[in-house]
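Undergrad: Copied straight from TrEMBL:
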type     : residues : note
DOMAIN   : 42-102   : domain 'RNA polymerase sigma-70 region 2'
DOMAIN   : 133-185  : domain 'RNA polymerase sigma factor 70 region 4 type 2'
TRANSMEM : 217-238  : transmembrane segment
TRANSMEM : 250-272  : transmembrane segment
Amino acid sequence: MPPDELIRLLHATYAAPHEGVTDAELLGRCAAGKDDAAFELLMRRHADLVWRVCCSVVREVHTAEDTFQATFLLVARNARAFSGRGTAAGWLYRIARHVALKVRARCTRFQLADLDSVTSADPPHTISAEITQLLHEELGRLAEKYRVPLVLCYLEGHTHAEAARHLGWPVGTVATRIARGRERLRDRLTRRGVVLSTTGLTTALSAGPVSAAPTSLVAVTAGAIAADTLAPAVWHLAHGVPTLMTRTRIATLAAIIAGVVIAAGTVFALVVPVDPPAPPFRWAQRQRRKRSPFRKCTRPALVFKLWPPRLPRPSWRRFSKQPRVGR
C-alpha cells in the first residue's frame, strides 16, 4: 500500500470516533467545508451498500465501478440536501439506485461479467439477475419508513438493535416495520410474477452478486473526489441525476399537497354550516286551489249536493182555515 494511501486511511479512520458520530454530522462537515476525512469515513461506512446496489442493477463490473464513483460524487456535491438526523443509508441507496437506473437505461445490451474477480471466496449467487433488479426496483418504491430498516438490516447487515440506534426508534418499531415492509415487498413482487416465500425474500435481500466493495476502489474514489480528478465518464454519469431526483421529489410533494387539499376540503365541508335550502315551489298548493269543490267535500256532503233531501209538503188546509180579509 502506498504511504499516501495509508496515511489517508489512518486519517479517515481516526479523525472522528465511529461511535457517537452520525452520518448527518459527517455530511454537515462536508457541507460546511471540504472535510475529506469526514467524507472518506462516510464513504467507508456505506461503500458495501452502494457497491451492492450498483452491481445488482448494472451487472457489469467496469460500469458498476463508474456508477459507484458517480454516486459518491453526487453525495459530495449534494451534502447539503440531506435532511435526516441519523443514518444516511436510505438517502445513499436512493442516489445509487437513480444512478444505476440511468446507466442501465443508456446501455442497449447487458453483458454479465464474472464478478468473482472482485470478491473473496464467497459462495455462488443463487438469485438471478432479473429477480435482483426487480427486487431493487420495488424496494426503491417502498415508503421511507419501510425501506430504510430493510436497507440497514439486509443490505448493510445491521441487527435490529443497531438499526434502532441509528434511526432513533424502539427495537419493536424496527422489527414491526421490517416485517410489514417485507410483506409489502412480497406482494409487489408477486404482482410482477415473482413468487418468493419469506425465506426466499430474506435470502434475496441478504445475498448479492458481491459481498463487499473492493478496498482499492474505495481508496481511489476517495482520493479522486478529494483531488477532483475523476474520469470524464463518471462526470457524465453524474450529470442529470439531480434533475431526476428533483422530479421525483416534486411528484411526491405534489401528491402530498393534493392529499392535504382534499382533506382540508372535506373538513371544511363538514365543519362550516351550510345555508338552509330554499323553500320548495308551492306548486301543489296552487293546484289544490284550482281543484273542483266537489273534491274537497266528503262523500255525505257530495251526496247531499247531488240529491238534496225532500222538503215537507205545504199544508194548504192551514191557509184555507184562515179568514179572508174583508169578508
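Here, residue 1 is simply the first one shown, and the rest follow in order.
Cβ coordinates are placed from backbone N, Cα and C, and glycine is handled just like the others.
I'd like these features described in context: how deep, what's nearby, how far apart.
TA: When DSSP labels each residue, the domain 'RNA polymerase sigma factor 70 region 4 type 2' (133-185) comes out as 43 helix, 0 strand, 10 coil, counted as helix, strand and coil in that order.
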Undergrad: What same-chain residues lie close to the transmembrane segment (217-238): Cβ under 8 Å, and 6 or more beyond its ends?
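TA: Distal contacts: 5, 8-9, 12, 34, 36, 39-40, 43-44, 47, 51, 65-70, 72-74, 76-77, 99, 102-103.
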Undergrad: Could you count the residues of the domain 'RNA polymerase sigma-70 region 2' (42-102) that DSSP puts in helix, in strand and in coil?
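TA: Secondary-structure breakdown of the domain 'RNA polymerase sigma-70 region 2' (42-102): 51 helix, 0 strand, 10 coil.
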